[in-house]
Each structure stands twice: as C-alpha cells, then as structure tokens.
Amino acid sequence: MATAVHRNGSLTPVSLRVFVLVGFGGGALTQALLFAVFLVLYVVTVLGNLTMIVVITLDARLHSPMYFFLKNLSFVDLCYSSAIAPNALANFLSTSKVISFEACATQFFFFSLLATTETFLLAVMAYDRFMAICSPLRYPVTMCPTTCTRLVLGTFCVGCLNSIVQTSLTFQLPFCSSNRIDHFYCDVPPLLQLACASTALNELFLFGLCGFIIVSTTLAVLVSYGYITVTILRMHSGSGRHKVFSTCGSHLTAVSLFYGTLFVMYAQPGALTSMEQGKVVSIFYTLVIPMLNPLIYSLRNKDVKDALQRLGQRHSLVKAVRGCPAAGGNASV
C-alpha cells in the first residue's frame, strides 16, 4: 500500500496517480501474437464500419430510418473499439504498460458511454422494425427524420449520464493497495479491487444500473420482436416473410451477440470471479462484435449489398473516365 509518513511517525494512505495495465501476461512471443490478433481485429473493424458509414451516406436509396440507425451503430462501434484498441496495441509493444489516472478515467468514460449508447441504440432499432412491419401506414409519420434524430441523441444522452455516474463513483475512490490493473483496459471490476475504501455503493450501482439497462432494453427488443413475429405469421406472402426475416435476422443476430456478452460480463456475479474469463469476454464485445456487425448487416442485407455494388461501379467508372485521354488530344494534325 502506498503511504505518506508524517513527522509523528503515523502513516496515511496516498491515492495512486498512475496505473499499470497487466493485460494478458506472457513473454515477448505471446505479446507479439496478441498484437497481431488485436491489430487485425481493429483494422477490419475500422474498415468495415467506415465502409458502412460511407455507403449509407452516399447512396440515396439507403436514406431511410433503418439505415440512419445502422449508420449511427457503425459510428458507435468505430468509436467503441477505438477507445480500447489503440492503447492495448501500444501496451503490447511496451514494457512499462503505464496509464495515467486521468487517461484511465477518460478511457473508462468513453467506453461506458459508448457501450450504454449501443445498448439503447439496438433497442431503438428493434422499435423501428416494429413500427415498419406492424404499423406500415403510420411508419413514415412516426419515424420522421426529426424523431429519428431525437432517438439517437437520446441514446447518447442516456449513455453520457450513465457514464458520468459510473466514472464519478469509481474514480473518487482512493486507489492505494496496488496500481496494477488486471485487465487490458480500465474497467470497473478490476479497478474496484484496487480501492482501499468500501466499494459497496459502487458495486450496487454497477450491478443495479447495468442490470436495469440490460433488462429494460432486452424487454424492449423482445416485446418489439414478439409483435413482429405475430405479424409475420399473419402474412400470406412468402416473399414478404422472406424480406422481413432477412432484415430482422441481421438485427437479431447483432442483438444476441451484444446483449449475451454483456449479460455474461455484468449481470452474473460469478463471471467476475475470474478476471481471465472477463478479459476473453471483453475482447469479444470490444473488438469482435464491432468487427462482425458490418459483416452481419452487409452479407444478409440485399439493399446494402446492392449499394456496395453500385458504389464499386461508380468508383470504377470515375477511374475509367479519368484514365481516358481528352477527346482529340492524340489526333494527328
């Protein structure tokens, strides 16, 4: 424990201002392999999500509420992984693996903000599908551009509020027992283990707030898809059912992956008993899921695949036009 020695010989705990991210341990070869894995995951994540953002922005046929939310999901995923991956990559190549108190708090703030935002954004996307399938006549009025913008801003506001509460409660604690965070980024469970004061309030808020967020948004998704399922069963057109399944199937896959990993990480106390297990799960929802989401929505969505094809053809046409000589430029006089 870090201490300060007074003139009378008494000792007082001193809160640490620097942390060491232990990560996964191992020798130089292990660190190099982890660096390669993280780098590939992060590069694919960045390219995939940037592609989705560009395609949806440039293709007028994708300017609808569903793709507006999908573009924002790609933006959140891009920022989400960028809050974790660059620092982790730098630590794999470093021997000190030091992160300052302020940098740790900043990383956790954005991580918590973006994770909460994505949780609510997925619920909003489920509501959008519910309105489109179950109330198609009211859909254009209900999900107008103003409403969609407000819903997205609302998810960010809720995420920011939750992040402020979690960050304030966590980083007001005195960290004096050790400065070694048994993780590859700053997260609440390993940080609470370093505190030399009672963490009961923090644990209550951690499991209470995270539990409420996960349960409430999961219920919203389940209710939305419950109504969607009933509507699908009443459809007489096979092509209509197939189209609904193709659009909703992608979202259900993304929801299942994201909510499932969050539930394992935060809603089950037993999952926190093993930090190594927590690290593996953390890789999944900080890097793997943001990497998979663009693939899930592009490979299983005909509109996105067609938009990608049109964008590719447009790019090829522009290159061909630029490569052609000016008319008459090579003609003999």
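Even glycines carry a Cβ here, placed using N, Cα and C.
What Swiss-Prot says about this protein:
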TOPO_DOM  1-35  topological domain 'Extracellular'
CARBOHYD  Asn8  N-linked glycosylation site
TRANSMEM  36-56  transmembrane segment
TOPO_DOM  57-72  topological domain 'Cytoplasmic'
TRANSMEM  73-93  transmembrane segment
TOPO_DOM  94-106  topological domain 'Extracellular'
DISULFID  Cys104-Cys196  disulfide bond
TRANSMEM  107-127  transmembrane segment
TOPO_DOM  128-150  topological domain 'Cytoplasmic'
TRANSMEM  151-171  transmembrane segment
TOPO_DOM  172-203  topological domain 'Extracellular'
TRANSMEM  204-224  transmembrane segment
TOPO_DOM  225-251  topological domain 'Cytoplasmic'
TRANSMEM  252-272  transmembrane segment
TOPO_DOM  273-278  topological domain 'Extracellular'
TRANSMEM  279-299  transmembrane segment
TOPO_DOM  300-333  topological domain 'Cytoplasmic'
Discussion item. Could you check whether the transmembrane segment (107-127) and the transmembrane segment (36-56) come into contact, where contact means at least 3 Cβ pairs under 8 Å with the two residues of each pair 6 or more apart in sequence?
Written reply: no
Worksheet entry | Criterion met for the transmembrane segment (279-299) and the transmembrane segment (151-171) (at least three Cβ pairs under 8 Å) | no
Item to complete: Report, as a single number, how many Cβ atoms besides its own are within 10 Å of the Cβ of Cys196 (disulfide bond).
Response: 17
Response to the item:
Answer key: the stretch among 36-56, 151-171, 204-224 with most Cβ pairs under 8 A to the transmembrane segment (73-93) is 36-56
Worksheet entry | Proximity verdict for the transmembrane segment (151-171) and the transmembrane segment (204-224), three or more C-beta pairs under 8 Å | yes
Item to complete: Report, as numbers and ranges, every residue of the chain located at least six residues beyond the topological domain 'Cytoplasmic' (57-72) whose Cβ falls under 8 Å of a Cβ in that stretch; write 'none' if there are none.
Response: 121, 124-125, 128-129, 132, 143, 145, 148, 151-152, 247, 297, 303-304, 306-307, 310-311
Worksheet, complete the sentence: Simplified DSSP label at Cys196 (disulfide bond) comes out coil
Worksheet, complete the sentence: Per the Cβ filter (under 8 Å) with a sequence gap of at least 6 from its ends, the topological domain 'Extracellular' (94-106) is approached by 16-23, 87, 167, 171, 175, 181, 186, 191
